[in-house]
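For reference, the structure is listed below as structure tokens.
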Amino acid sequence: MESLPIETVQQILSNLITARDISTCNCVSKRWKESVPYIPTLFFPRSFFSGSNSPESNAIIGRMISSAVILSKLIIYCPVSFTNLSSWLTLKSKSLRSLDLRLDSITSKKYDIEEDATRKLDCIDCVKDLESLKLWGVCLHNSPKWSCFERLLSLEIIGANLREKSLMDALKACPNLTNLALIGCDGVVRVDINLPRLETCRLDFLGHMNLSLDIKSQNLQQLSISGFSWIHVYHNNCLRTVSISKASGSVYMVDIGKVECLEYLSVRGVQWSWKALDSVLKTASNVKCLIMKVEFCGEDNLMPFPPVDLVDFFNNHPKLQSFEIHGAMFAALSQKDNLGDLHSSFKIPNLKQIAITVRSPLNAEQKLNTLESLLKCSKNIQKMVIRVSQMRTFQDIADDFFEDIWKFANMNKKIVFIE
């Protein structure tokens, strides 16, 4: 190692980020000790000082941060005091580009947690050139005292308790975001996002049953949202990936307009109104990958899905290459009487992979006809997976249906697989 050029040594050490590993490097050799200050990233994990927030631990962290010459990324998960954090950020504000902070577990006194976290949140304002900011365990009841982060492109907030005005004020201070992630958040009824340059948006909200979402961004390309009942994305022509899910409650309305370049669509949840689901499917006319895993239809009561014509469905989605459908939705696709006598001109031209979950033996003949029709009309099909899951009956009809599916798979064993 002593014979290596100093640039090579620094390149090797730059792959280290954990503070304990970096401090150990000081003991290896003089050349390593001289190179350690040029490591661009410092990571202080939660267990760095066994969860303590003592003056000694803060002093050690302070010395390591102070000695870093070109510190560009700082990750602090262990407890630190507001005074020290503020001084460290001020000291490295010119070089720091990425900041990752955990703001829970801050003090043993519960009534001090919110105030201390708010002060730590406010002191981030001194790092004007941040490009990436990730915050864990934020209590955003009060608006952060941020002026404007002009260069901030990525903002991620995980495990936060929010207030609507505080969230809006925080986003206003980050006008040029291209990536936004709000994961495991709660405390609001409505979320409004107005970020013109936003390209990727991930939202996972808990708590309130009927959350509403409004997004304005003409550059939005990837949208993944969970927990919302009312969804309005102001129309744009850039969306390529959309994923919508809701683990409890119902999805009442989804309006994302007519998006010509949408390639991937995933809809999941216990209950969707048919109006919301139908509007999304009409939007996805050019989609290449479609995943539909919704248990029930209806806005208030749990209702079965209305019949869906297989021919119309695939004619309205001619570019579909990968298709996954679940339970009751597959049953809805199986309720047309003419499936056994499809017109010879009907083809599903681009479908290559399909996964179907079957959960009931009811209308077994029609479901088998659907499986046969999908295989027959999909000339480019490469793989069909049939999952028989939670068959809720003890009658012989379930055994007969499963036997028929098994025979169908054996007749097409190079393509059809049962899980």
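If you go along the chain as it appears here, the first residue is 1 and each next one adds 1.
Cβ atoms are placed via backbone N, Cα and C, with glycine included.
Sequence-distant contacts of the domain 'F-box' (2-35) (same chain, at least 6 residues past either end, Cβ-Cβ under 8 Å): 41-45, 48, 61, 64, 73, 75. If you look up TrEMBL, you'll see 2-35 marked as domain 'F-box'.
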Summary of DSSP states over the domain 'F-box' (2-35), given as helix, strand and coil counts: 21 helix, 1 strand, 12 coil
To what whole number does the mean pLDDT across the domain 'F-box' (2-35) round? 75
